[in-house]
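Asker: Below are the features I grabbed from TrEMBL:
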DOMAIN    A:18-211  domain 'ABC-2 type transporter transmembrane'
TRANSMEM  A:21-42  transmembrane segment
TRANSMEM  A:54-73  transmembrane segment
TRANSMEM  A:94-114  transmembrane segment
TRANSMEM  A:134-161  transmembrane segment
TRANSMEM  A:173-192  transmembrane segment
TRANSMEM  A:219-241  transmembrane segment
């Protein structure tokens with residue numbers, strides 16, 4: 001049970017830090033602007049079938065952006081404030097601390113879903129009807145878990161890489177496409193579709209859309225796929241972070257360079 | 001199992017060449033060290049001597065290249081988890097804590113990492129906040145505290161897991177004299193609880209005031225380990241004679257006697273110090289001074305600083 005205690009404590013620590021430095025959650029200020037942009041285009045276009053994309057794409061984009069941003073900086077920040085050695089020298093696993101902190105940020109970033117919804121309903125007066133609330137809520141919860149798992153993997157990957165910024169910059173827009181965030185994966189060329197399916201966000205996007213349609217066949221197994229892909233990311237992340245710890249203890253430095 | 005708190009044998013640590021440091025660097029070169037339980041053991045040496053590297057290895061955050069190290073009977077490589085649950089480490093820096101959150105939140109977080117359950121962790125946190133005298137500032141952010149207070153938070157963090165062995169890595173660096181004295185007083189109290197401390201420092205007064213034994217290292221090599229008083233004797237430095245003299249003739253006689261290495265004037269006018277060439281010549285120096293009618297004199301062993309400077313040579317405190 002100690003690992004759950006460490007995850008919870010790390011989560012609380014991250015929330016406490018974010019309260020002191022609200023700029024860490026700047027995404028909550030920019031996400032409504034993205035939502036307004038998407039909704040304006042949709043309203044001008046007049047096609048109601050893209051309503052779901054217009055409402056929730058900004059939230060998914062914000063979540064992915066936060067994961068990249070966090071993943072790139074999480075372990076480096078610990079190193080910068082000289083807490084990394086203390087964490088490594090403690091009886092707990094660094095991976096549990098990183099995952100706990102990421103859960104907190106992803107959880108806070110999930111408020112962008114609420115912002116997008118409020119923007120659509122109150123500002124654009126659109127009828128956003130969630131036909132299957134259970135599917136929607138479960139999708140949100142499992143997607144947040146998968147996002148946290150993937151961000152944990154990115155945290156390990158980025159600290160082992162020589163060029164974090166290059167990674168971060170190249171993993172934004174292409175992944176919005178691969179994740180089916182901007183347009184459904186089914187509209188992509190057939191050869192690209194298998195690639196998208198190893199990325200959990202493509203399943204999450206489909207599920208969000210399905211929750212707003214009258215028919216939502218096969219949602220349970222699609223949720224399971226998101227959970228499995230998220231868990232794979234988490235396990236991969238914990239393995240990578242363990243490698244970081246081994247590197248630090250072997251070389252005295254976490255950096256590859 | 002051994003009764004020693006720390007047992008180090010043939011410990012080497014080589015930092016491999018990397019970008020920015022093209023040559024491999026030997027930080028520790030075959031160190032042997034024993035630390036007896038229940039005392040403060042000082043690790044003295046100039047910057048770059050290898051003190052921090054040794055503490056890092058003993059606290060399991062760095063692997064040795066060769067040799068063995070055991071803490072409280074557990075090997076730091078083979079049984080690192082056993083070591084981690086039994087030790088605390090205190091760094092001498094304003095960093096190493098979460099500066100933007102409160103003292104209490106920091107300690108609660110570290111309590112969880114040391115396996116303390118919610119209620120036990122909260123109790124231990126409050127106990128330590130009280131112990132280090134920060135009850136009034138427990139809800140303040142760490143970044144709002146003075147250096148001395150931050151160092152107390154570091155100490156509380158190091159003690160959160162109730163360790164029997166505590167590593168103190170230059171804990172009073174940068175503190176003003178009053179804060180440093182307070183910190184040392186606190187260490188004295190903690191020592192009475194039966195803990196063992198390994199204190200790295202280049203503050204000789206601190207080592208002399210706190211430590212039962214000191215180990216002097218330089219350039220990764222152990223120069224000596226001894227009782228603080230024995231350090232002076234081990235070096236067998238010529239003893240000193242301090243005396244009052246108004247007549248320069250006495251000084252000339254002393255200098256010409258071949259019994260002293262030198263005579264220097266002390267801070268007080270008319271007060272001088274003669275360094276005898278050997279223990280045997282000390283008696284002759286005293287007799288010579290007595291024959292000249294000087295009765296106000298005293299002898300003293302070399303200070304730790306003098307011993308230290310002789311051991312590390314011209315490098316002194318330099319990097």
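Including glycine, each Cβ sits where the backbone N, Cα and C put it.
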Asker: Taking 3+ C-beta pairs under 8 angstroms (sequence gap of 6 or more) as contact, is the transmembrane segment (A:94-114) in contact with the transmembrane segment (A:219-241)?
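Answerer: Yes, the transmembrane segment (A:94-114) and the transmembrane segment (A:219-241) are in contact.
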Asker: Counting only residues 6 or more past its boundaries, what in the same chain has a CB within less than 8 Å of a CB in the transmembrane segment (A:54-73)?
Answerer: 27, 30-32, 34-35, 37-39, 41-42, 101-102, 105-106, 109-110, 112-113, 115-117, 119-120, 126, 128, 143-144, 147-148, 150-155, 157-158, 164-165, 167-168, 171-172, 175-176, 179, 181-182, 201, 204-205, 208
Asker: Mind checking which residues of the chain, 6+ beyond the ends of the transmembrane segment (A:173-192), have their Cβ under 8 Å from one of its Cβ atoms?
Answerer: 53, 57, 60-61, 64, 199, 201-202, 204-206, 209
Asker: Are there residues at least six beyond either end of the transmembrane segment (A:134-161) with Cβ under 8 Å to its Cβ atoms? List them, or say none.
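Answerer: Sequence-distant neighbours of the transmembrane segment (A:134-161): 60, 63-64, 66-68, 70-72, 74-76, 95, 98-99, 102-103, 106-107, 110, 113, 167-168, 200-201, 204, 207-208, 210-212, 216, 219, 223, 226-227, 229-241, 243-244, 247, 254-256.
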